[in-house]
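Right, one structure below, let's go through it.
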Amino acid sequence: MTIPSNIPSNGDSPLSTMLNPTPPSQLQTQHSNGNGHLSPGQSPTEVFYDATKVFTGSDAPDKWDDVPFQQVNLVTALNECKPNPWTKSMFKLYVYMLVACLNSAINGYDGSLMGGINAMTQYHQYFKVEPDGHVAGLIFATYTLGNVIGSFFSGPCSDKFGRRWGMFIGASIILLGAGVQASSTSRAMFIGGRFVLGFGVATCQTAGPSYAAEIAHPAWRGTLTGIYNGFFYLGAIPAFWTLYGTQVIPGSASWRIPIWLQSVASGGVLFGCLFCPETPRWLFANGRQSEARSVLAKYHGEGDRDSPVVILEMYEMMEEIEMSGADKRWWDYRDLFTTKNAWWRMACVLGMGIFGQWSGNAALSYFMPILLKQLGITSERTQLLCSAIWAMANWVAAMVGARFTDRIGRRKLLLTVTSSFVFWWTIIIILHNFRSQSEPNSERHKIFSIAAIAFMYIFGVTYSFGYTPLQVLYPVECLQYETRAKGMAMYNLSVNLSLLLSMYTTPVALEKIGFKLFYLYIGWDVLEVLFIYTFFVETKELTLEEINEIFEAPNPKKKSLEPRIVIQNPNFEDINWQDLKDEQNARYTMSP
C-alpha cells in the first residue's frame, strides 16, 4: 500500500515514513536485532529494524539501496493498539465466527454420515444397494453434482445479498434436502434429496468462509479462519457416534435418525445469521462505509472508531475498491482469469481445491469401512467405531494445525505435509503387500493389518494438521475482495468436480484393484509437491489487502519469499494516525 499524493500529511512525518519508507540498500540476509543483524531463531525472510533508526535514517547510507522490500503496516498498527483476545467484544466476535464455522460442520456431518450409512445392512436392504460398485458411487456422486451446480449460483448470491444472507439461504436449502432424504421411500427420492442437499452446501461453503475471513480480527485471522475447516470434524464426530448408536436399531430408523439430526447444524446457521453483523468489506463495497467502520470499531477496535487497526483496514479497503472496483456483474467470471496476476491467484486457489481432494484423503474419509473390511475388520459396529475414533483424532490434529498456520507459514506447511503423504502411502502399500503374502488368520497377518490401519490414521492426522486449516484460509487470502465470492465459488467447483470423480471411481477401484489404487496417489502427490513449490505464495502475517501487493509482482512466489521490513519497537508518540482518518473523511462522509 502506498499513500496517494493528495493525503494530508506532515511532510516527512513518521507515519509517512512508515507507510512509504526508503528501501534499505544492502539488507543483509541476516535478521536484525535493531541494527540489521541476525538474532538466533528468527526467520530469514524477515528483517527487523528499530523504527526510530528507520525514521531518522541513523543507519549507514550504504545499507539502504536496491534491496527487495515489502511493507508490513499491520504489525505497526497492532503494536500501537495491542489487541486483547479476551474482551467482551472479542467473545461476541467468536460467537459470530462460530455461526460461520457451523457451515463446515454441516459438510463434515454429511461427508461422514454417508460413509457410515453405506456400511449399514439396514440401508442396503431397504434400497437394495451394495456397499461398493456403481450404484453406491452414483448415490455419493449425486450430492457432489448438486454441489457443482450450486457453485455457479453461490458466488453471485453471496455478492448480491451479503455473506450472512448467503449462509441463511444455503442453510434453508440444506434443511429441505435433509427432510427429503430422511423421509425417502424410494432410491430416486433419496438421490433427489442428496442433490438438493449438495446444492445448499455449495452456497454455505461459499458464503461461510468469506464471512469468517472478512469478520476475523486481523491479529488472529490465520488461527480463526484456520479453525473454520476444523469444524468439519466437529460435524463428523457426532455423525459417526450417532451411527454407532443407531446401528443396533432394526429397520430404516437406524439410518433415518442420523439424517434428521443433520438439521441441527443447519438450523443453528439459519437462526444465528439473524443476529450476525454483515462483514465490513461487503458493507464498504456496497456504499455503506459508515456501517463498515462501526462494525470494525466494535469488533476490531474495542469501540474506538479511530483505532489504528480500524483506520488501516478502512484505508486499505478504500484503496483496493477504488483501484479495482466492487464487482456488480454477478454473471461475469472473466475477471478471475483476465490477467497474469489473476491466473496466478487461481493457480493457488484451484490447486488448493484439487489437491485437498486428490491427495488420497477422500478414499480414507468416505470409504474407511470398505478399506477396513479389506484389511480384515468385517464387523459393521467395529468399522463404525474405528471411523469415529478416526474423526476425533483428525479433529485434534486440525485444531492444533490451525494454531501453527501463522507460526510455520502456509507454503512451508503445505510442502511439508504433502511430501509426507508420499512416505505414508509407500509404507501402507508395503505393509499391505506383506499382509497379502502372509498366511490368512495368522498372527503375522493380523500384525500387518493393524500396522496398515495405524499408518492410515497417521496419514489422516498429517492431512488434518496441514490441509484442513488451510483449505478455506488459503484460497480466501489469495483472492481480492471484488472477486472473493466468485473465486470461492470456483474453488468449491474445483473441490466438487475433484470429489465427484473421486466419489464415483473410488468404490469401483477398491472393488476391482483394492490397495493398488494407492500407487496412483504416490505419483500424484509427487506432482502436487512440485506444483506447490513452483506456484504457491506465502501469505502469513499480512492483511488481505497487503497480499495483493504480492500478486502484483512479476513473480508472486518469489516476491512472497523476499525479506521484508518489520518495524520493531517504534516510538508511536510522534505518529499521526489522523493522516489516514483525514483521507477517509475527504472521500467519504462518515458519522463520528
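Keep in mind that glycine also has a Cβ here, set from the backbone N, Cα and C atoms.
The domain 'Major facilitator superfamily (MFS) profile' annotation in TrEMBL covers 96-540.
The region 'Disordered' annotation in TrEMBL covers 1-43.
TrEMBL lists 93-114 (among others) with the feature transmembrane segment.
Same-chain neighbours of the transmembrane segment (134-153): 110, 114, 118, 177, 187, 190-191, 194-203, 205-206, 366, 489-490, 492-493, 495-497, 499-500, 503-508, counting only residues six or more beyond its ends whose CB sits under 8 Å from a CB of the stretch. According to TrEMBL, the feature transmembrane segment maps to 134-153 (among others).
Packing against the transmembrane segment (165-184) from elsewhere in the chain are residues 99-100, 103, 106, 146, 154, 157-158, 190, 192-208, 210-211, 256, 259-260, 262-263, 266-267, 269-270, 273-274, 485: each is 6 or more residues past its ends and has a CB under 8 Å from a CB in it. The transmembrane segment feature in TrEMBL is assigned to 165-184 (among others).
The feature transmembrane segment is assigned by TrEMBL to 227-245 (among others).
As annotated by TrEMBL, transmembrane segment applies to 257-277 (among others).
For the transmembrane segment (342-372), same-chain residues at least 6 beyond its ends with a Cβ under 8 Å from one of its own Cβ atoms are 111-112, 114-116, 118-119, 131-132, 140, 335-336, 380, 382-384, 386-387, 390, 418, 421, 425, 453, 456, 459-460, 463, 467, 470-471, 474-475, 478-480, 483, 487, 490-495, 498-499, 502-503, 506-507, 510, 517-518, 521, 524-525, 528, 531-532, 535-537, 551, 556. TrEMBL lists 342-372 (among others) with the feature transmembrane segment.
As annotated by TrEMBL, transmembrane segment applies to 384-402 (among others).
Marked as transmembrane segment by TrEMBL: 414-435 (among others).
The feature transmembrane segment is assigned by TrEMBL to 447-468 (among others). For the transmembrane segment (447-468), the residues of the chain that approach it from at least six positions outside its boundaries are 229-230, 232-233, 355-356, 359-361, 364-365, 371-372, 375-377, 386, 390, 393-395, 397-398, 400-402, 404, 413-414, 416-418, 420-421, 424-425, 427-428, 431-432, 434-435, 438, judged by C-beta separation under 8 angstroms.
For 488-510 (among others), the entry in TrEMBL reads transmembrane segment. Long-range neighbours of the transmembrane segment (488-510) within the same chain, counting only residues 6 or more positions beyond its ends whose Cβ lies under 8 Å from a Cβ of the stretch, are 131-134, 136-138, 140-141, 143-145, 147-148, 151-152, 154-155, 158, 198, 202, 205-206, 209-210, 333, 336, 346, 349-350, 352-354, 356-358, 362-363, 366-367, 370-371, 374, 475-476, 479, 517.
Here TrEMBL flags 517-536 (among others) as transmembrane segment. Residues 344, 347-348, 351, 355, 358-360, 363, 410-411, 414-415, 418-419, 421-422, 425-426, 428-429, 506, 509-510, 557 of the same chain lie 6+ residues outside the transmembrane segment (517-536) yet bring a C-beta within less than 8 angstroms of a C-beta in it.
Tertiary proximity for the transmembrane segment (257-277) is limited to same-chain residues at least six positions away from its ends with a CB under 8 Å from its CB atoms, namely 95-96, 98-100, 102-103, 105-106, 109-110, 113, 116-117, 164-165, 167-168, 170-172, 174-175, 178-179, 181-182, 200, 204, 208, 211, 215, 235, 238-239, 242-243, 246, 249, 295, 298-299. Touching of the transmembrane segment (384-402) and the transmembrane segment (227-245) is concluded from the presence of at least three CB pairs under 8 A, sequence neighbours closer than 6 excluded.
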